[in-house]
Amino acid sequence: MSTFRKRFLANKTAVFCSVLLLLLCLMAALAPVLAPHDPTQMFQEHRMEGSSGDFMLGTDQFGRDLLSRIIYGARVSLVVGVSAVLVSVVFGTLFGLIAGYFGRWVDGFIMRCMDVLFAFPEILLALAIVAALGPGTFNTIMAIGIVNIPIFTRTVRGAVLSIKNLEYVESARAIGASTKRILFLEIFPNVTAPLLVQSSLAISGAILTESALSFLGLGIQPPDPSWGGMISEARRYMELAPGMIIWPCLAMTVTILACNMFGDAVRDILDPRHRGK
Amino acid sequence: MVSYLIKRIISLIPILFGISVLVFTILHLVPGDPASIMLGTNATPEAIAALHKSMGLDQPLLTQYLHWIGGMLKGDFGVSVHSGEEILPQIIKRFSITLQLTVFGVLIGWVLAIPFGILSAIRAHSKTDIIVRVATLLGISVPNFAVGTLLLLGFSLYFNWFPPIDVVSFWENPVEAFKVFILPAVTMGIVVAAGVMRMTRSAFLETMDKDFIRTARAKGNSQWTVVIGHAFRNSSIPIVTIAGMQIGYLLGGSVIVEQLFSIPGLGQYILEGIYQRDYPVVQGGVLFVALVFVLVNLLIDLIYTWIDPRIKY
Amino acid sequence: MRKRVLAGFFLSLSLMLTACSGGGGTAAPADQAKPQEGQAQEQSAAKTELVVAAEQEPVGYDPHKVPAASSVRVYALLYDSLTKLDENMNIVPNLAEKWEIAPDGKTITMFLHKGVKFHNGKDMTADDVKFSFERIMNPDTGAIAKSYFASVEAIEVKDPTTVVFKLKTADAAFIANTASAYASIVPSGSTDLTKDAIGTGPFKLEKSEPGQYVLLKKNPDYFNKDLPKVETIKFQIMKDEAERLAAIRSGKIDISTISADSAKLLEGKPGVQVKNYQSLEYSYLGINVNKKPFDNPKVREAISYAVDRNQIVQTVWKGEAALTGPIAPAITNWALDTASYPTYKTDVEKAKQLLAEAGFPNGFETQIETAATYPDMVETAQVIQQQLKAIGINAKINQLEWGNYIEVWKSKDMNLMVGRNTSGVDADRSMRFFFASTGSANVWNYSNPAYDELVQKALGTVDQAERKKLYEQAQTMLVADAPNLFLASPKNYYAVRDNIDFTPTAAGEVYSLVKTSIK
């Protein structure tokens, strides 16, 4: 692991992106301290204004402070992105481990189920799930999470297949370790790396899916600010108040870029063939 | 090869069956029903009951499922509960529109992504590499409905230009179709580009490291000869994989772009079906998209053998 | 600066576009606005086709069965009703040339216009009228308008151009109800009107291309020889407001409804005019009077005092809406001046006090249901949520997809619900249909015998002045009981190309479209 750390620290992109992501998380955590206003408070006299001393990024159609909404929006968007991916990772890993380790009909059954989920058009599936469960942050997270389970199942299964017959797993089995032990203590640690890469990419995907659901009217419930919700709301005011769409887009872009670049960098670090010069 | 094909096609059956159950279940879990949506806040209970009867929704769910799946097995997609129109002809018509949009979008994505991906790989870890990567990633960092709106707004504001409102096919009138599809296709292409570019870059990085490339280089071939002549073919497998996945994915995922640009494609048809609880439309549409998706994946596997004759099934 | 960069970006894109499109384009990109798509009829000097943007796809054309606005705007051009409304909200003759009401109000004789033909060439006669009304009243049809004609006992054909309606009780709303498009006259013997639409209207259904457009052709035999003035009307389906806006700017469409925000943008821009009228719609906050704590009238009164209707007008409708009671102010004959409602003066202190008296000094938690499909409803819910916060009521907003919203509306089990209603032309609909104990749109569980008696009496009162007085009492009673807070009645906006002579009025789009001409 220490070589990983060394390589990680030597990779400028990885370091830069992780600092950026940490800062974003910090912003989300400290939202009540950082935000100059209550993100839902409407200043009637200041609707759709440009930036000013009091409202650094201007206000929206209700006269709510955009800066505060973006800061709080980091909370909503990151929570949705990370939790949705956690849902996918937990179920995906479980299914992937089981499928890969047991093989045969278990594998066949799980993978066919994943194929079913995978072949279902993603956004329509998410939309139908939210419509069935009813709106709400938790349900949105579940919907996005369920949609992404197959990707993780495949990633983990592939990794399991490639290591399951390696020596150390064999020897663990030979000394009579329980299946659970082998799965979680011997095999799982070795699939964390591809999972990390996949997760960082999936988080950005989840944030985008939330915004698409917002566009279709089924994202995070107002007045809670999510970046996707802000963007889809601001679309109607694009010409009247461009700031309303520019700032949340910028926030989203930075986050997604950081997630993607981080994922790519970690992949490069882990993959010896891609190691930088 | 033939036995492989047959095996693959048989393996599609449980998947399609699973999808039919999944779509039927989720759809009927969604609250609301087509009759009350049609009648809206003007509804009276007797009007809803009368409409239910005429839509065949007064039957038990299992009966409805068996009736539907029985029809599907005979190739009968049924009729829309709203318009009473045959569903299959609509699906085919709209699929052709979505297909054109998707292929156009993917082409734009490739044209943008592959050269940049190669450039990025050749100059890996340089400033050029980082700039190119960030630039392509920008495409997937902004929601596509924002990009699409910006395109529409920009063209109408600055050039007074708006795509033709009647959708025509490329084989009817290519020039006109180009104008119809260009903005939505660019909106899709930007998203496609990010994935293709990333895959191209890593595929090239990998091949460029291989022995036969070193040999080719050592022989004194120019950089470009090496890239085009040797590396390209060997890097194309992962590129084809991702392109195939994207076509399959976009066919179902073009919903938002179609909605935004009023393109009467399959995605919009299904979406509208969900909103109206037009059960047979959504069920038939989703099953069709899934079928196309798995067939595209099968096709990709076949293309592998053509690219790399060493792959045998 | 930013603008210039953006313009540069689009310029280069557009150059690419013109270059790629194979020479069709000219040097100045703006020229592309002119239709050059090579369609013969578009290129001919005189434009005869009117292109109207449709926000939603029509869901069928049976006037007795389909109440969706997206369908009505189309089939009301294909069919006629016995009477219609003019721009001043007066009922004027249509298929019925004139009518007589017996002194006791129970017999109504309709004299039909002579020489009216259906699109299939058949004459429209009293038999068709009888058939149409019987089809509406048949429970198996499931017609929306069935409840409109509950007072009808029998329909008699006196001669081919005279129909007599015998009523059980006097029905002052009867004539007004015959103006509804839901009471269109269809040919005798029609069973399935979903596909073929054969009416007497000014246009014929030429083609319906799902997801794309609906094409109507002029009916050359229309009984009013001067109308319509255009050869074809094409309803082009465009669901996204941004798209409609871009399309009308570039002249691809001629007429489009737009929001008040977009109206501000288009105001004074070349090529496009913005027109508006005070609509018959109003937005409301529905309150379930059966649910605790809303069963306490003081809580409802407190909410009424807490909600600042002017802020809703300013924020949601950008000032382009009027305060409203149970009857939209555009219906000047019936609507009571909102100044007479005491609870319309926002008073947070009084609201808090009422809430304390009701036993909720610290407020309570509740939910507001709203429909995601309509941005104005979502915005209204957000404003109300903030205003209720001020008196300690914490409301969670549930933004529902339309089908789900209808389901909750039907369930009669919501807490608070934001919605929009259309006032009928006659006060009876606004008052009885929505709020009488047996009214089918009364999903608020509101039941007040005094109110029921009042509106029932008004329905049977033929004397207009007397009737008006009764409805004024009923409106005051309703606002005080507050099963709904009546919020704002917006103006409806249209963007119209300069060369189109189209004047929208409260009488509805159809009324104006028939008279529309192309300059």
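One-based numbering along the chain as shown.
Every residue, even glycine, has its Cβ placed from backbone N, Cα and C.
Unlike curated entries, TrEMBL annotations are predicted automatically.
Taken verbatim from TrEMBL:
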- B:12-30: transmembrane segment (TRANSMEM)
- B:95-304: domain 'ABC transmembrane type-1' (DOMAIN)
- B:97-122: transmembrane segment (TRANSMEM)
- B:134-161: transmembrane segment (TRANSMEM)
- B:181-200: transmembrane segment (TRANSMEM)
- B:239-261: transmembrane segment (TRANSMEM)
- B:281-307: transmembrane segment (TRANSMEM)
CB contact flag for the transmembrane segment (B:239-261) and the transmembrane segment (B:97-122), at least three pairs under 8 A: yes
Long-range Cβ neighbours of the transmembrane segment (B:134-161) (under 8 Å; 6 or more residues past either end): 112-113, 116, 183-184, 186-188, 190-191, 193-195, 197-198, 256-257, 260-261
Contact between the transmembrane segment (B:181-200) and the transmembrane segment (B:281-307) (at least 3 Cβ pairs under 8 Å, separation 6+): no
Positions on the same chain near the transmembrane segment (B:281-307), where near means CB under 8 A and six or more residues out: 1, 5, 8-9, 12, 15-16, 19-20, 23-24, 27, 68, 72, 77-78, 80-81, 87-88, 90-91, 95, 233, 236-237, 240-241, 244-245, 247-249, 251-252, 266, 269-270, 272-274, 313
